[in-house]
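> Below you'll find the structure I mean.
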Amino acid sequence: MVSAYTGSQVRAAERPLLDRGEGAALMARAAHGLALAVLRELERTGAVYGRRVAGVVGKGNNGGDALFALAEIARRGVRTTAVLTGGTAHPDGLAAFTAAGGRVTEELEPADVVIDAVLGTGFAGEFRPPLPRPAATVVACDLPSGVDADTGTAGAAVWRADVTVTFGALKTGLLVGRGRELSGTVEVVDIGLGPHLPEPDVRSLDDAAAAALLPRPRDDWQKYSRGVLGLVAGSPDFPGAAVLSAAGALATGVGMVRIVAPDEVRNLVLAAHPEVVGSLEPRGRVQAWAVGPGIADDGGQRRALGVALGSGLPTVVDASGLEALGEFLAADPRSRGSAAEPRLGEVLARIAEEGTVAGEHLVLTPHAGELESLLANFNSASDAPSRDSIESQPLHWAREAARRIGVTVLLKGPATVCAAPDGTAYVQGSGHPYLATAGSGDTLTGILGALLATGTHAGGHGSARPVELAALAACIHQRAGRLAAKGGPYGAGELAQAVREAVALFAA
Ligand SMILES: NC(=O)C1=CN([C@@H]2O[C@H](COP(=O)(O)OP(=O)(O)OC[C@H]3O[C@@H](n4cnc5c(N)ncnc54)[C@H](OP(=O)(O)O)[C@@H]3O)[C@@H](O)[C@H]2O)[C@@H](O)CC1
Ligand SMILES: Nc1ncnc2c1ncn2[C@@H]1O[C@H](COP(=O)(O)OP(=O)(O)O)[C@@H](O)[C@H]1O
Ligand SMILES: [K+]
């Protein structure tokens with residue numbers, strides 16, 4: 001499991017050590033880790049001796065780290081220079097730097113590696129780098145200067161790092177938003193904060209954590225104890241979505257998929273997956289629902305959405321299902337529960353009255369545009385965020401949506417954020433841009449539906465939280481996206497085979 005912390009959490013963890021007078025030791029460990037990373041970059045591209053490393057150094061402790069690191073690098077026969085952006089610099093760091101032969105320069109001198117050490121966790125407000133990004137390899141000290149350690153937001157001109165060496169613990173801002181795009185390869189240097197760190201702000205499943213969470217069928221189970229997924233997907237206009245979601249679910253592994261869909265959609269699904277059982281309306285027991293891909297405004301499918309929402313079972317709501325939810329939440333209260341869609345109306349009326357959809361067992365899987373509409377429609381539309389702000393602060397808005405609506409939210413994007421109503425959050429950001437293809441989200445809905453059906457019911461794993469399974473679904477989807485990309489671009493129809501391979505990797 002990867003854990004990440006806000007800047008303030010890390011600073012608070014440093015506090016007891018600073019109070020014990022260990023500040024210099026912390027900085028020495030940080031600087032040593034940074035120096036090793038820079039030396040490694042030099043070694044990767046040739047010899048170390050005689051090369052050039054420059055620092056862009058602010059006046060705070062972040063700059064101090066870089067000056068001590070430059071001193072260590074200089075002792076390996078590297079020519080080191082530093083531009084002091086604040087006019088002054090960390091006194092002891094500067095003394096060590098000059099004593100090791102480092103030179104302070106007015107302009108940034110040509111270099112093989114440039115250390116970005118203007119600002120670290122002490123950054124607040126707005127920041128414009130004092131210099132344009134050089135063409136050299138850039139190693140960011142703690143985080144790219146100007147990236148907000150808590151949110152990952154950053155001004156337009158903030159430098160993109162090739163490598164970020166971060167101290168004490170991974171910062172949340174390096175996992176999400178622009179911070180993720182700007183940080184390159186991230187390396188965490190242990191400076192001894194471990195015992196002082198609180199519960200992490202966010203987590204990310206690595207391979208081992210994904211493997212541990214993956215529901216595995218027991219030897220003595222049959223198909224029903226393994227879990228049945230009820231899938232409400234597809235309509236005459238969008239039949240393919242149902243095929244893709246069913247494929248995602250089957251490749252993830254589930255006891256049975258029951259599809260609810262109009263005849264022509266069912267026929268198409270059955271032609272591709274004869275093992276799927278289908279009906280026009282919900283029938284038979286299931287352990288979880290996945291609702292929404294391609295249902296458009298089909299009346300029967302919206303009724304089925306009501307059945308799923310009213311069931312109290314773990315339920316994924318995606319795509320047109322989110323639209324139906326949003327439209328309903330926005331509608332005049334008197335029109336709610338219309339005769340055309342009695343079940344949906346009944347359930348949603350209760351939701352609206354109680355002010356919450358209530359329950360982390362409901363997992364909404366919007367992309368930023370869908371979350372924008374949902375939040376605009378839900379209760380306090382007055383401070384609803386734009387799509388742009390959701391994209392720049394995905395963690396914040398996924399959490400807000402989960403808290404306000406009272407559900408689990410899986411917010412899709414280059415990094416996918418999963419949040420529970422209590423603020424528990426996971427960020428999964430190792431996909432592939434080829435995943436941005438029509439129908440890729442429908443596949444994800446199937447994956448998550450299967451995990452909910454097999455991973456939350458009493459006969460199954462039982463203990464996993466929906467937010468964990470949502471993160472696992474994103475993790476499987478992203479691994480599949482990377483595996484499939486080895487063969488070049490793909491359509492979502494080709495993703496299911498890679499999903500199967502990804503699950504096999506985690507199950508091994
Ligand atoms: N604590 C420790 O012992 C350890 C700390 N460590 C390291 O220290 C880093 C944190 O150091 P820090 O607290 O000194 O803050 P830092 O990031 O250098 O910036 C402060 C300077 O930035 C300025 N500034 C702020 N906002 C600005 C803006 N918008 N635009 C422009 N300027 C702005 C602010 O100026 P002021 O507002 O005060 O005039 C101030 O001068 C941390 O990231 C890690 O690298 C490690 O070595 C481990 C041990
Ligand atoms: N740049 C990207 N890198 C990696 N994954 C991405 C990127 N852009 C989108 N994705 C992923 O692709 C999927 C697209 O889903 P969605 O927008 O619902 O598509 P559709 O509705 O067509 O199925 C999501 O899982 C999302 O996280
Ligand atoms: K920095």
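Start at 1 and count along the chain as shown; that gives each residue its number.
In case you wondered, yes, glycine gets a Cβ from its N, Cα and C as well.
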> Check TrEMBL: it lists Lys412, Gly413, Pro414, Ala415, Thr416 as binding AMP. Then name which of Gly423, Gly439, Gly441 it lists for that same site.
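So the AMP site in TrEMBL includes Lys412, Gly413, Pro414, Ala415, Thr416 plus, from the candidates Gly423, Gly439, Gly441, Gly441.
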> According to TrEMBL, Asn61, Asn62, Gly63, Gly64, Asp65, Ala241, Gly294, His367, Asp442 bind (6S)-NADPHX; identify which of Asp116, Asp142, Asp190 is listed for that same site.
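Same (6S)-NADPHX site in TrEMBL: Asp142.
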> Under 8 Å between C-beta atoms and at least six apart in sequence, can you list the same-chain neighbours of Asn61 ((6S)-NADPHX binding site), or say none if there are none?
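Same-chain residues close to Asn61 ((6S)-NADPHX binding site) (Cβ under 8 Å, separated by 6 or more) are Met27, His90, Gly120, Gly122.
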> Around the K(+) site formed by Asn62, Asp116, Ser145, which additional residues qualify by having Cβ within 8 Å of the site's Cβ center?
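Output for this site, in sequence order: Val56, Gly58, Gly63, Ala66, Ile115, Ala117, Val118, Leu119, Gly120, Ala140, Cys141, Asp142, Leu143, Pro144, Gly146.
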> Among the binding-site residues listed here (Asp65, Ser145, Ala241, His367), which has the Cα closest to the Cα of Pro414 (AMP binding site)?
His367
> Between Ala241, Ala415, which of the binding-site residues has its C-beta surrounded by the fewest other C-beta atoms within 10 Å?
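Comparing Cβ neighbours within 10 Å for the binding-site residues Ala241, Ala415, Ala415 has the fewest.
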> I want to check the contact list for Thr416 (AMP binding site): same chain, sequence separation of six or more, C-beta distance under 8 angstroms. What comes out?
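In sequence order, the residues whose Cβ lies under 8 Å from that of Thr416 (AMP binding site) (at least 6 apart) are Leu410, Val427, Gln428, Gly429, Gly431, Ala474, Gln478.
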